[in-house]
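**Q** Just lifted these from TrEMBL, have a look:
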type     : residues : note
DOMAIN   : 21-260   : domain 'NADP-dependent oxidoreductase'
ACT_SITE : 53       : active site, proton donor
SITE     : 82       : site 'Lowers pKa of active site Tyr'
BINDING  : 115      : substrate binding site
C-alpha cells in the first residue's frame, strides 16, 4: 500500500501502516464524516477512531462513500479502532469488536487496540464511559480474548494503547500474538524517547496521539510551536512549525495521528 501523502512502516506481523493518520477524538456527526472525506481526498489512508469516541459510524460512512466514488479501495485504507474499557471482561471482547465492525461496516478492522490497561464497570454499550468504577479484570485476560479476534479474522492486527513499559513487557511475556503497536500521548514537549526505544527493541511501533499537544493559538500554546527554534526551522525548510514538529516525531520512529476538522 502506497500513498502520495505518507510512506508506510511495516509492522511485525507484516502489515503496512502509514506513518501519518487522521485522529478523530472529539470529532462528531457531520464534522467527523466530512473530516474523514476531506482527509482521504488529500491523501490520508490511515484513520484512527475508537468505540469511546462515538464516531465509528461516521468514519465508516465516509470511507464507504469514497469507495463508492472510486477514490479508494477498502484495501487502500488502514483503519484503527479500540476496545473500550467497559468491554475488558474476556467474554465481552468479541461482542465489542463485532459492535465496532457493525458501526464501521467495512468488513474487517486493520488494527484493534486495547484502549487502556484498566477496565471499567459495564453499564451497557450506550454508556461508553461506564460508571467510572474500575474493575479488577487482568489486562492479560483481555489480551488473550483479543488474540482470538485475529484467529476469527475479525481484525488483522492487535495492539495496545496507554501502556507503560512494564505493562507492555508483561503482555510480551505472556502473549500468543504479539502487540504490533502501542499508542500513547507523544509530542515534542513529551517525546517519549525511552518508551519509543523500548518498543522499537521489541518490534512494537509507537503511535503518537496528540502529536501537537492540544493547541490553543490564542494563548500561543504549546510553546514548542512558537519558540524561536521551531520558527527558524520552519523558515529554513519552508514548512510550518506544526509540520516540523510532526517530522521530528516521525524521525524518532513514531507514527503520528494529528487531528483536524479543517481540510487545510
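Cβ from N, Cα, C; glycine included.
All TrEMBL annotations are machine predictions without curation.
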**Q** With a 10 Å radius around each C-beta, find which of these recorded positions (82, 115) has the fewest other C-beta atoms nearby.
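**A** With the recorded positions 82, 115, fewest surrounding Cβ atoms within 10 Å: 115.
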**Q** Can you work out the mean pLDDT of the predicted model over the domain 'NADP-dependent oxidoreductase' (21-260)?
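**A** Taking every residue in the domain 'NADP-dependent oxidoreductase' (21-260) and averaging pLDDT yields 96.
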**Q** Quick check for the class: what is the C-alpha distance, in angstrom and rounded, between the residue listed as 'active site, proton donor' and residue 82 (site 'Lowers pKa of active site Tyr')?
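**A** So the Cα of residue 82 (site 'Lowers pKa of active site Tyr') lies 9 Å away from that of the residue listed as 'active site, proton donor'.
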**Q** Taking the Cβ of the residue listed as 'active site, proton donor' as centre, how many other Cβ atoms lie within 10 Å?
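**A** The residue listed as 'active site, proton donor': 22 neighbouring Cβ atoms within 10 Å.
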**Q** Helix, strand or coil: which one is residue 82 (site 'Lowers pKa of active site Tyr') in, per DSSP?
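**A** Going by the DSSP assignment, residue 82 (site 'Lowers pKa of active site Tyr') falls within a strand, counted as strand.
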